[in-house]
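Here's the structure we're looking at; comments come further down.
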C-alpha cells in the first residue's frame, strides 16, 4: 500500500505518533488509508449538506476495513459570484482545487480517495487532482436542489436572473420579483436545472466514476446518504483490487460522457472541463473536435431547464443516467465503471423509463445534438453554443455587431435599451487570459431573455456562459481577443453571420481588411497585475484546450 510509506517500520515511528495524536490506533494503521475529500462550506447551497455525506462515506470506509481521513477543498458558488469581479475567480479555482487534492493526497500517502463535490468547478477540479495520482477514487456528487414553488408554479435560480430583465421592462413588479426570490432556491443542492454542476455530475457518472443514480439523486434524498455509504465501502474494494482511474477512463469512456452530454443538452462549460480532465491522462486526449464529431451521432433527447420545461427531479424520476444509457444503447460504448458493472450492463438493468422526459432517439426533442461546435474566421479554433436552448428561428442569424470590451459595459447597454432586434452583441477581452478567468455571461443572457429579445438578438464572446444561459449565446471563441484573435478587431456595425446547423460563424470582411485591422491591433495591458489572477492570466491556455494551466 502507498500508505506503508508513512506508517510502516521503525523509521516511521514519528509519523505514527502524529496520527495517534489524531486518535488513530495501531489497528487503524494496518488498513488502507482513504482520503475523504470534502468541499463543505456554509456559503454555497450546493455544499451545505456535505458534512452528512462525508460521515456516511467514512462509515462505509470503516465498515469495509479501511481507515478514512477527511480534508477539505474550497468551493465557489458561481451564482453568488455572478455579475461582478468575483466571477473572475470561478474557473481559476478549478486549478487550485486540483492542486489541493494532489498535494494533500501525495503528502499523506493515501491509498484511495472519495471525492465529495457538488458545484461547477469543484467536480472537475477534484477529478483532475485525483487523476494526477492515479490511485483508486470514486466520486459522490452532492446532488441537485429541488425546485421552489410560488402560486402553483415551479421556480429555480435562473427564474431570478431572467426576472431582473422582466422587471426592467415592466413585465413583473418588484414585489413579484421578491416573492420569486424568497422561494426559488428551496435548500441544499446544486441549482435545479441541467446547469454546469448537474451537467458535470451526470458526466461523472457517465465516465464511470460514480455509482449508478448518483448524479440525479437529490441532495435532500436519503438515497444520497446511502449512495455515499456504499461509495465509502466500494473505494476499499477498488484499493484492494488495485482498480485505478486510468483503467476506467479510456477514450471510449470519455466518448460516453460526451454522448450523454450532447443528448441531454448539458452546459457549454463541459467543453472546457472534459478536455481538462482528459488532459491529466494525456495532452489533447480529448479535444473540441471530439464534441464536434460526436454531435453527429445523437439527437437532443431531453427537454430540461434552462432550455426546456423539466427539472433535474424529473430526469431522476425518469430513470437518471442509467435510463439515458438505455436509450442510447446503440451508441454507448461498453466501458468499465467503479460499480464493477459495465455501462451496457447498467443500461440493461433499467426497469423503468419515462419517455416523456427522456425521449427515444426516433422521437427526440431536436434532431440535432444539444451542443454545437462552430468554426469560421471569428473562431478558427472553434466556439460553442447550447443549440438545444436556442429558438430554431435563430439557428441562422445575420446582423450588425454591437461591440463591448467587457461584460459590465454590455449589461449597461442591454438594460439601458441600447440593443435592438437583429443585433449581434460582441463581448470580448473576457477570455481565460483576457478576463482574466473567463467570466460567465449569465447576467447579460438572462437580461436578453427576460426582455424578450432572445428570439432576435445573438451574443458572441470569448468568455463563457452559465449552464443556466439560454438563447443564441455563442461562447469560448478561440483564439480570444487577448491572444490577438479576430474578435479583437470586430467593429460596431460589422455584419456577423451565424449558421448553427452549418456549424459556421463569420464576420463579413475580406482578407485584406482583416489583415490591416490585425496589423494595427494593440493588445491592452493585463487587467490584473498582482495575485493569483495575474499568474493565471500568464499561464492559462486557450478555451479550445480546456483553459488548463501550461
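Using N, Cα and C of the backbone, Cβ positions are placed for all residues, glycine too.
78 is the residue from 78, 408, 409, 462 that Swiss-Prot records in the Mg(2+) site together with 120, 121, 440. Taking Cβ-Cβ distances under 8 Å and a sequence separation of 6 or more, the neighbours of residue 121 (Mg(2+) binding site) in its chain are 76, 78, 90, 91, 93, 94, 97.
Of all the binding-site residues listed here (78, 120, 440), the one with the fewest other CB atoms within 10 A of its own CB is 78. Secondary structure at residue 119 ([2Fe-2S] cluster binding site), as computed by DSSP, is coil. The two recorded residues, residue 120 (Mg(2+) binding site) and residue 466 (active site, proton acceptor), have Cα atoms 9 Å apart. In the three-state DSSP reading, residue 440 (Mg(2+) binding site) counts as strand. Taking 119, 191, 440 as the binding-site residues under consideration, the smallest Cα distance to residue 466 (active site, proton acceptor) is found for 440. For residue 191 ([2Fe-2S] cluster binding site), the count of additional Cβ atoms within 10 Å of its Cβ stands at 31 [all protein chains shown].
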